[in-house]
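To start, the structure itself, in structure tokens.
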Amino acid sequence: MAGRRAVARIGPGALLVLRALLAAAHPQCLDFRPPFRPPQPLSFCAQYSAFGCCTAEQDAALARRFRVLETRMDAGVWATCAGYALDLLCQECSPYAAHLYDAEDPATPLRTVPGLCEDYCLDMWQTCRGLFRLLSPDRELWALESNRAKLCRYLSLDDTDYCFPSLLVNENLNSNLGRVVADAKGCLQLCLEEVANGLRNPVAMVHAGDGSHRFFVAEQVGLVWTYLPDRSRLEKPFLNVSQAVLTSPWEGDERGFLGLAFHPRFPHPSKLYVYYSVGVGFREWIRISEFRVSEGDENTVDHGSERIILEIEEPASNHNGGQLLFGDDGFLYIFTGDGGMAGDPFGKFGNAQNKSALLGKVLRIDVDRKERGLHYGIPPDNPFVDDPGARPEVYALGVRNMWRCSFDRGDPMSGTGRGRLFCGDVGQNKYEEVDLVERGRNYGWRAREGFECYDRKLCANTSLDDVLPIFAYPHKLGKSVTGGYVYRGCEYPNLNGLYIFGDFMSGRLMSLRENPETGQWKYSEVCMGRGQTCAFPGLINNYYPYIISFAEDEAGELYFMSTGVPSATAAHGVIYKVIDPSRRAPPGKCKIRPAQVKVRSHLIPFVPKEKFIRTPESTPRPTARAPTKAPRRRRPTAAPPAPTPRPTKPARPTRRPGARKGGGRRRGRPSTAVPEPENGSVRLVRPAGLSPGRGRVEVFIGGRWGTVCDDAWDTKAAAVVCRQLGFAHAVRAAKRAEFGEGRALRILLDDVRCAGSERNLLECAHAGVGTHNCKHDEDAGVECSHQDPNL
């Protein structure tokens, strides 16, 4: 790794310089959070009115302490010592208060007097040594009061860069203070907070916009989970269409449950819309459906309310699109892929350039009315409603496979940017791109990929009239863009207006910021905070490399979802919240008051699993820079290399769950190791032709799969297995090898007795792993269901 090699060459003396440089990026308050800009000027510690760690209330409290000190000192002495008292009291407001008071480590006692530089301490001792006793209850400090050298040693800091008052003139600490920290190469250093884990390819996270501040997380297999503002998860799924969803465990299968969106006036009506893959015989389709929330439980969908709005046949198993969004206009925007395979080979110009095809498009429909024999209405201002050769649903064309789009909420103060539609469009051989989608525009595919021609004849067609992306990057940086969001949240003002996105294959986080004067977009990579930047409670500096999707919560804060194993059945997905360690909003400004929601399901509390890594490796970046604007020649004449043929089977498509295996966290390059199943994982093995949810139970323990004996096997044990597999109900516990004997495996569990609430069979009472008095003709099985068998 480039950064690692650099450190290896630096000697002990130079390493101190490096530490000082790293310290420049680490302002922190005594509450272990970033400093802020007070909403109103401070009257006592006025030097920290622009940026620091005190509110007006805290400033007033320090002023009261100052006045108390004045009453406890002789007037003549106070005239000499008041300046020292002001200096020391106000260091609680310093943007580096955590360093001044040795609060970097929450486990160590907090100083009562800030760390002082030697010269300052010696001068203060000479004239105002009695002030130390009044400032601090520390009796050890009191005992040193008469010994100048020992006292000043006691009040010194190990890191002298932070001692007062030298830190006030330290250029490394004060240049760009309060701005997003960037390294020498311009890589923005941010931190993360783990929000949820144990998810199977989390493809989407959305909120309902109803004031509840719940968020709903969709897994590729077809389950949607409800999370409350305290990050606990409801045990019962919000939605379960896993029996209808077409997907597989293959790493690289792009099919599955791909997107959802709540009606813009939710909960009146209490509708939501979903986007998923289905199979009918040997044909595959994408389906857009409407559901209603259950009248008896606002955290559960009425599964019988499904109304299919639109189905589009997919000629191949990849490039399925998957995004659903409602705009400010109240219309539903649907983002479809070009139908799959390489080079959009369907018809003379491909699906994406064919206005009469719904594939390779951005569609826009009205879900609140029906017309023309359709299950939806056509907005009257759709661009091609009067074109007899076009589908009226088409809003924009020339799309290859837009994976993750978002509407800009607009600047919180001015509203600038509101309604802009950003999309990441996955490329073919050379480029990934970010587009600003507008009504009636053509985004170039398959004529163009990024800024370059892909199909020479189409590219030279004067009627193409395509729009270039706002940004495109070569495959040196990544091979599968994941579109993100423009940050418009409250908590981190420095991020306002920053478009943050990523790449699924390289695990790279990236950002764009628009220059309002030129309209150009500036690219910056996003890195995890180095050194101690993120070393505070609740923050981490690493993530799993396969970036699947981005999200924003109801308050506008930014998240992303990634996994170490890109399979729809691997529970390795994690949701991370993006944190700016350089500056936060003033305390209390972003407080939310969630609307109350009745909870009828058991709650599963959130338990973080990810850890802060103390020596993160820097991320090597290619020397070739990604283009941030179009080349001067609008129409390149040279054709790109012929497209690489792609397999028609969905085992290794160009989009989500990637072609490479691996589960390493993103610090340097992703690891190539594939994690094995967790201890206690289960699977069902069933004879051919048997429906899903029924089969012989096999359990993974100690690195191997094995069977379970049916002694004491009952529906409580079956319920544990079914819940692990994503089913809400256990219909029955099967015995006597009803679903076949697992003779090739060892018998791993016997005499299993469960209460029914355990997370896996290992938590149930049992005879001991590998201990049994049975044969395979007693192999246990289960029958699971998404529906209550008693209804």
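Each Cβ is built from the backbone N, Cα and C atoms, and glycine gets one as well.
The feature signal peptide is assigned by Swiss-Prot to 1-27. Taken from Swiss-Prot, the feature disulfide bond applies to C187-C527, C191-C534, C405-C423, C490-C590, C709-C774, C722-C784, C754-C764, supported by sequence analysis. What Swiss-Prot records for N240, N461, N679 is N-linked glycosylation site. Residues annotated as region 'Disordered' in Swiss-Prot: 610-689. Sequence annotations record features per position, and here Swiss-Prot assigns compositional bias 'Low complexity' to 620-629. Annotation source Swiss-Prot lists compositional bias 'Pro residues' at 638-650. According to Swiss-Prot, the feature domain 'SRCR' maps to 682-785.
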Inset, instruction - Going by DSSP, give the three-state secondary structure for C722 (disulfide bond). - result: helix
Inset, instruction - Among the disulfide-bonded residues listed here (C187, C490, C784), identify the one with the smallest other-Cβ count within 10 Å. - result: C490
Inset, instruction - Which residue among the disulfide-bonded residues C405, C722, C764 has the fewest other Cβ atoms within 10 Å of its Cβ, if you could check? - result: C764
Legend entry - Summary of DSSP states over the domain 'SRCR' (682-785), given as helix, strand and coil counts: 16 helix, 36 strand, 52 coil
Legend entry - Three-state secondary structure, C423 (disulfide bond) (per DSSP): strand
Legend entry - Distance, C754 (disulfide bond) to C709 (disulfide bond) (CA atoms, angstrom): 14
Legend entry - CB contacts for C534 (disulfide bond) [other CB atoms within 10 A, all chains]: 24
Legend entry - Cα distance (Å, whole number) from C187 (disulfide bond) to C490 (disulfide bond): 23
Inset, instruction - Grab the pLDDT values for the domain 'SRCR' (682-785) and give me their mean, rounded. - result: 90
Legend entry - Surrounding CB atoms that lie within 10 Å of the CB of C191 (disulfide bond), all protein chains: 23
